[in-house]
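**Student:** Attaching a single structure in structure tokens format; questions to follow.
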Amino acid sequence: MNDNVLLIGASGFVGTRLLETAIADFNIKNLDKQQSHFYPEITQIGDVRDQQALDQALAGFDTVVLLAAEHRDDVSPTSLYYDVNVQGTRNVLAAMEKNGVKNIIFTSSVAVYGLNKHNPDENHPHDPFNHYGKSKWQAEEVLREWYNKAPTERSLTIIRPTVIFGERNRGNVYNLLKQIAGGKFMMVGAGTNYKSMAYVGNIVEFIKYKLKNVAAGYEVYNYVDKPDLNMNQLVAEVEQSLNKKIPSMHLPYPLGMLGGYCFDILSKITGKKYAVSSVRVKKFCATTQFDATKVHSSGFVAPYTLSQGLDRTLQYEFVHAKKDDITFVSE
């Protein structure tokens with residue numbers, strides 16, 4: 001085990017939970033352009049676009065976990081995706097070489113596969129459809145090139161998570177759970193489409209598992225908590241967790257899309273963004289599943305089932321009193 005670990009970009013949602021679970025097991029420092037709400041004492045302010053800052057920050061470390069990324073849908077200019085996600089990765093690797101660091105864990109994304117693929121595993125061809133996915137794939141290629149220069153000495157682990165949810169997160173899964181829990185949810189379509197999801201408490205434990213088992217070599221993993229749920233099953237999970245009956249209203253898909261187009265037009269007229277759009281209706285009704293056989297046969301055992309992760313999130317967000325109002329925004 002390599003005990004000295006630098007987390008890059010760990011002031012956000014996943015990084016905060018990773019610090020929480022790993023701080024007792026490793027000598028950890030966080031390098032981020034934002035201060036950490038919960039771990040300021042081990043956080044150094046820095047940016048992956050700043051080579052000098054990286055060169056200095058990596059001194060004395062054995063392993064890097066690279067979490068930093070531009071990931072929002074509305075990043076402008078779009079060149080930021082490539083400046084941070086691709087060139088930032090190059091900068092990190094350059095700093096690693098200067099400091100003799102040979103181990104890196106990189107969080108990529110299932111976005112590298114593109115839309116509407118049938119349960120892709122790690123060997124599925126890449127076909128990213130947006131700048132985020134394209135930049136993540138390019139970053140992976142940079143990492144593989146680095147690894148291939150000294151494969152017997154270097155360790156590269158690439159983790160491609162599906163959508164991650166959990167306590168304090170403000171993203172698409174939270175918005176969906178909030179609508180269901182509040183009784184303001186209307187199912188578009190039959191509700192039989194499946195969605196792959198990942199609970200933050202599990203993915204950070206997998207990263208910690210890989211940190212405890214660093215070895216020379218290259219591995220890539222999809223991360224999904226199985227089994228996948230369809231939308232009807234997700235509503236049932238919310239009902240069970242909150243012990244309340246959720247109104248069951250199904251809107252036919254054509255009507256849902258019509259409503260989405262109406263909001264598209266309204267958005268163009270007013271210049272405002274709305275929670276409903278034709279793209280979101282289409283995504284909501286699509287089956288989005290990814291194969292995670294490899295990660296779940298790697299020796300890692302997730303501490304929570306998907307149902308437990310949902311229950312923990314729902315109880316924290318909609319039942320129990322909160323100690324603070326700190327949240328993390330994602331897509």
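The backbone N, Cα and C atoms fix where each Cβ goes, glycine too.
Residues annotated as NAD(+) binding site in Swiss-Prot: PHE13, VAL14, GLN34, GLN35, SER36, HIS37, PHE38, TYR39, ASP47, VAL48, SER109, TYR132, LYS136. Taken from Swiss-Prot, the feature substrate binding site applies to SER109, TYR132, GLY183, LYS184, TYR199, VAL200, GLY201, supported by similarity to another entry. Look at Swiss-Prot and you will find TYR132 tagged as active site, proton acceptor.
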**Student:** Measure from the Cα of VAL200 (substrate binding site) to the Cα of every one of the binding-site residues PHE13, SER36, SER109, then give the nearest.
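**Tutor:** In terms of Cα distance, VAL200 (substrate binding site) lies closest to PHE13.
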**Student:** May I ask for the distance between SER36 (NAD(+) binding site) and TYR199 (substrate binding site), taken between their Cα atoms and rounded to an integer number of Å?
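**Tutor:** Taking the Cα atoms only, SER36 (NAD(+) binding site) lies 21 Å from TYR199 (substrate binding site).
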**Student:** Determine, using Cα-Cα distances only, which of these binding-site residues is closest to GLY183 (substrate binding site): PHE13, PHE38, SER109, LYS136.
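**Tutor:** Of the binding-site residues PHE13, PHE38, SER109, LYS136, PHE13 has its Cα closest to that of GLY183 (substrate binding site).
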**Student:** Measure from the CA atom of TYR132 (substrate binding site) to the CA atom of GLN34 (NAD(+) binding site) and give the result in Å, rounded to a whole number.
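**Tutor:** Spelling it out, the Cα of GLN34 (NAD(+) binding site) and the Cα of TYR132 (substrate binding site) are 20 Å apart.
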**Student:** Across the listed NAD(+)-binding residues, PHE13, VAL14, GLN34, GLN35, SER36, HIS37, PHE38, TYR39, ASP47, VAL48, SER109, TYR132, LYS136, what is the farthest Cα to Cα distance, given in whole Å?
**Tutor:** 28
**Student:** Using a 10 Å cut-off, grab the number of neighbouring Cβ atoms around the Cβ of TYR132 (substrate binding site), all chains included.
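**Tutor:** I count 22 other Cβ atoms within 10 Å of it.
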**Student:** Cβ distance under 8 Å to TYR199 (substrate binding site), same chain, sequence separation 6 or more: which residues?
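**Tutor:** Spatial neighbours, sequence-distant, of TYR199 (substrate binding site): ILE164, PHE165, GLY166, ASP225, ALA302, TYR304, LEU306, GLN308, GLY309, LEU310, ARG312, THR313.
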**Student:** Name the one residue among PHE13, PHE38, SER109, LYS136 whose Cα is closest in three-dimensional space to that of GLY201 (substrate binding site); these are the binding-site residues.
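**Tutor:** Of the binding-site residues PHE13, PHE38, SER109, LYS136, PHE13 has its Cα closest to that of GLY201 (substrate binding site).
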**Student:** If you count other C-beta atoms within 10 angstroms, which of the binding-site residues LYS136, LYS184 is the most crowded?
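**Tutor:** Answer by Cβ density within 10 Å: LYS136.
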**Student:** Starting from each candidate's C-beta and looking 10 angstroms out, tell me which of the binding-site residues SER36, SER109 has the most other C-beta atoms.
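**Tutor:** Comparing the binding-site residues SER36, SER109, the most crowded Cβ belongs to SER109.
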**Student:** If you measure SER109 (NAD(+) binding site) to TYR132 (substrate binding site) at Cα, how many Å is it?
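**Tutor:** That separation, Cα to Cα, works out to 9 Å.
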**Student:** Whose Cβ, among the binding-site residues PHE13, PHE38, has more other Cβ atoms within 10 Å than any of the rest?
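**Tutor:** Counting Cβ neighbours within 10 Å, the top one is PHE13.
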**Student:** Here are the binding-site residues: GLY183, GLY201. Which has the lowest count of other Cβ atoms within 10 Å?
**Tutor:** GLY183
**Student:** What is the one among the binding-site residues GLN34, ASP47, VAL200 whose Cβ has the most other Cβ atoms less than or equal to 10 Å away?
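**Tutor:** Counting Cβ neighbours within 10 Å, the top one is VAL200.
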